[in-house]
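Undergrad: Sharing the features that Swiss-Prot gives for it:
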ACT_SITE  TYR132  active site, proton donor/acceptor
ACT_SITE  LYS161  active site, schiff-base intermediate with substrate
BINDING   THR44, ILE203  pyruvate binding site
SITE      THR43  site 'Part of a proton relay during catalysis'
SITE      TYR106  site 'Part of a proton relay during catalysis'
Amino acid sequence: MFTGVGTAIVTPFSNGEVDYGSYEKLVRWQIESGVKAIVVAGTTGEGVTLTVEEREKLVALTKQICEGKAQVIVGTGTNDTRKTLELSLSAEKSGADALLIVTPYYNKPTQEGLYAHYKYLSERLSKPIIIYNVPSRTGVNISPETVARLASDCKNIVAIKEANTDVNQADEIYRLTNGDFYIYSGNDDRAFHMICAGAKGVISVASNIIPEQMVELANKTLQNDVVTARNIHFKYLELMKVLFVETNPIPVKAALNLLGIIKNELRLPLVPAKQSTVELLEKVMKKVGVLS
């Protein structure tokens with residue numbers, strides 16, 4: 001698995017269709033900036049609104065662009081175990097290096113249900129699996145004990161993207177797995193702290209617009225250059241937070257539009273950012289030198 005930054009890449013749209021040209025330019029910028037993984041069709045990529053054909057084309061295109069320079073990780077999680085398996089097998093066939101599988105949402109499984117879900121998938125998939133824990137969006141939290149049990153019982157469950165706002169959860173996973181399990185921060189504003197505590201990196205939203213800066217933040221922290229990393233963290237902390245003043249990926253798409261990289265389009269039920277959000281983004285981006 002990668003260490004450093006994996007970008008949870010947006011999916012650009014133009015007139016309702018995937019804008020593959022803008023997508024390719026965005027991915028190439030990420031690779032040139034030192035990003036070590038591209039996460040396709042995740043939350044930030046509006047994966048739940050993509051067709052299977054769009055997913056497969058995006059994965060194949062990303063694989064072609066990365067050319068071994070970065071891993072291609074595909075978001076395949078749903079709240080239906082069989083549907084998740086179908087999307088995961090499709091992603092494997094299309095060239096995925098690993099699978100990011102969010103905990104089932106809405107139906108709120110128990111810890112035993114979460115264990116059974118991931119174990120079922122691990123027994124039928126060949127690529128490494130990254131558990132994705134984001135209770136604020138799913139309504140369920142996978143416990144450190146369940147994560148450790150899966151890490152012990154399923155050889156291809158190798159990592160977790162931990163987006164629980166309680167950093168003690170990541171600490172407990174690290175302790176229970178003896179530091180042998182890859183932990184990635186799922187929150188940009190917690191990346192510095194979590195890497196200091198043993199995480200291998202961050203799966204980042206902010207790196208869509210500040211890839212070089214997020215790469216430097218992660219690398220300096222991994223190299224134990226805490227002073228430099230802390231300075232980067234605080235310089236961009238306000239921007240990291242502003243990217244979540246509305247539901248992700250609404251603000252980051254508005255920010256990319258301000259940079260002239262993509263159109264400010266989303267698929268329903270998401271809609272473009274409010275004007276007040278755009279103005280706030282513009283103000284903060286100018287403040288930190290991202291926008292002139």
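Glycine is treated like the rest: Cβ placed from N, Cα and C.
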Undergrad: Starting from the Cβ of the residue listed as 'active site, schiff-base intermediate with substrate', draw a 10 Å sphere and report how many other Cβ atoms land inside it.
TA: 27
Undergrad: What does DSSP assign TYR106 (site 'Part of a proton relay during catalysis'), in three states?
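TA: Assignment for TYR106 (site 'Part of a proton relay during catalysis') reads coil.
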Undergrad: For THR44 (pyruvate binding site), list the number of other Cβ atoms lying within 10 Å of its Cβ atom.
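TA: Step by step: centre on the Cβ of THR44 (pyruvate binding site), count other Cβ atoms within 10 Å, giving 23.
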Undergrad: Sorry to bug you, but what's the C-alpha spacing from TYR132 (active site, proton donor/acceptor) to ILE203 (pyruvate binding site), rounded to the closest Å?
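TA: The Cα atom of ILE203 (pyruvate binding site) is 10 Å away from the Cα atom of TYR132 (active site, proton donor/acceptor).
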Undergrad: What is the nearest of the recorded positions THR43, THR44, TYR106, TYR132 to LYS161 (active site, schiff-base intermediate with substrate), using the Cα of each?
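TA: Closest by Cα distance to LYS161 (active site, schiff-base intermediate with substrate) among the recorded positions THR43, THR44, TYR106, TYR132: TYR132.
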Undergrad: Consider the recorded positions THR43, THR44, TYR106 and say which one has the Cα lying nearest the Cα of TYR132 (active site, proton donor/acceptor).
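TA: The answer is THR43.
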Undergrad: Return the residue, from the listed recorded positions TYR106, TYR132, with the maximum count of other C-beta atoms within 10 angstroms of its C-beta.
TA: TYR132
Undergrad: DSSP three-state call for THR43 (site 'Part of a proton relay during catalysis'): helix, strand or coil?
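TA: The three-state answer is coil.
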Undergrad: Just to be sure I understand the packing, how many Cβ atoms besides its own are within 10 Å of the Cβ of THR43 (site 'Part of a proton relay during catalysis')?
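TA: Neighbour count, Cβ to Cβ under the 10 Å cut-off: 24.
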Undergrad: Using the alpha carbons only, what distance in Å do you get between TYR106 (site 'Part of a proton relay during catalysis') and THR43 (site 'Part of a proton relay during catalysis') once rounded?
TA: 15
